[in-house]
Amino acid sequence: MARKMLNDGEPDLKKGEEQGKVYDFDLFIIGAGSGGVRAARFSSNFGAKVGICELPFHPISSETIGGVGGTCVIRGCVPKKILVYGASYGGELQDARNFGWELNENVDFNWKKLLQKKTDEINRLNGIYKRLLSNAGVKLFEGEGKIASPNEVEVTQLDGTKLSYSAKHILIATGSRAQRPNIPGQELGITSDEALSLEEFPKRAVILGGGYIAVEFASIWRGMGSSVNLVFRKELPLRGFDDEMRAVVARNLEGRGINLHPRTNLAQLIKTEDGIKVITDHGEELIADVVLFATGRSPNSKRLNLEKVGVEFDKAGAIVVDEYSRTNIPSIWAVGDVTNRLNLTPVALMEASLFAKTVFGGQASKPDYNDIPYAVFCIPPLSVVGLSEEQAVEQTKGDVLIFTSTFNPMKNTISGRQEKTVMKLVVDAQTDKVLGASMCGPDAPEIVQGIAIAIKCGATKAQFDSTVGIHPSSAEEFVTMRSETRRVTGGVKPKTNL
């Protein structure tokens, strides 16, 4: 958990409710992203009368622009994955030559065509999400929602008309927004919102950040032929992931032609005739067509009227909730990125589902944040579940066993691509329980999703070893790693500043 929550207890659902009062809605939700839509549908299925509001649709968000489907569908996971697919074909076409495919003519990449296909898809999904709400009997309002009181929401429509609705429960699911660094010339840079909708393909890109968004866009643009410089403050990208796997990702990025600038920050951006001059804190100068800021996200909570109502939030603007997603105001709840617990779409879906189950389904249910799988859709991708080696060493009292496998995928032996797949298991030496798994290589997210089930169920290394593998496949390596790579003493904090 990234932040301290309110003390929890079995929620008293009558608390905060005015006895005998008739409300317009049992539940009113502010924000129709992944979490909001899931909470609306599930609550309605439990018999609740539900209203939900969302800002007008546009691919690029602002304080007054959003869209049903939220960040993931409109300007996040989905369009990004489409671009990752598009970028992957460049390497695939090159690799195809040794498999007998003769590419006699130049293969041109059409950015505008891909962009239009991406836009068509998010428009389609936006429509699907609206239909899901309608089919569930949820009333959708387009406009900006604010909390007027513990049981009242005000919705400002496009024409300025203000609508007011009472609700027994209010759920905040407004998500988060990309941050910008406070440096001279920052207005010349863009965030991931704009990066997904650029009218012209950037031939030269500078990316600030070492997180998954930065790494993914570096892979996307490089895969499409751009010159990419990735600037980040640590020694390795992807802080918080397993250090060994971070090094693998860094090696792969460099192997595909991305220029890495570790322990570096941006000092200034200057507009020139040739593009944008980027000056680093080391005095190095780079020229770019696009500068992408991938420096984190902040909760969308500023315009909700939280202070007036008395809803508690932290310095970053994240709404503080208990283990049932309830705020300090009994009738007001919050899920997803706006709470800054674990900012992933599947986590928001989990929180929303359990909120509905708690409030309207008669079963008080807490989200479980243990053993949640992650994926970084760089090329090739990284996927992990459970504890990293560093986390296991710090949290485990006894020794920790590390099993690794590094190999050249069968496909690469023919294509000639020099890029190893790396897989890793972290095991508690005393209990034999598999604490974590990592993989960097083709299809890693698809493979690790299956491994996540085993780890969630508490599988041991012996059970992994007794499982018959699928041959030939990369996945079978997870059940054939017999010899430990190293044994590490647990209960100590690893010395790492990577």
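Keep in mind that glycine also has a Cβ here, set from the backbone N, Cα and C atoms.
Over in Swiss-Prot, the protein carries these features:
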- S34, G35, E54, T71, C72, K80, G145, D337, T345, H471: FAD binding site (BINDING)
- S34, Y129: glutathione binding site (BINDING)
- C72-C77: disulfide bond (DISULFID)
- G210, I213, E216, R233, R239, G296, A375: NADP(+) binding site (BINDING)
- H471: active site, proton acceptor (ACT_SITE)
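The separation of Y129 (glutathione binding site) from C72 (FAD binding site), Cα to Cα, is 12 Å. Neighbour counts of Cβ atoms within 10 Å were compared across the binding-site residues G145, G210, G296; the minimum falls on G296.
DSSP assigns H471 (active site, proton acceptor) to coil, not to a helix or a strand.
For C77 (disulfide bond), the same-chain residues that are 6 or more apart in sequence and have a Cβ closer than 8 Å to its Cβ are T71, T345. Residue with the densest Cβ environment among the binding-site residues S34, T345: S34, by other Cβ atoms within 10 Å.
Closest in space to E216 (NADP(+) binding site), of the recorded positions given as E54, Y129, G145, H471, is Y129, taking the CA atom of each residue.
DSSP classifies R239 (NADP(+) binding site) as coil under the three-state reduction. Counting other Cβ atoms within 10 Å of each Cβ, the binding-site residues E54, E216 show the lowest value at E216. Of all the recorded positions in the list S34, E54, G145, H471, the shortest Cα-Cα distance to A375 (NADP(+) binding site) is found for S34.
Around the residue listed as 'active site, proton acceptor', a 10 Å sphere centred on its CB holds 8 further CB atoms from the protein chains shown.
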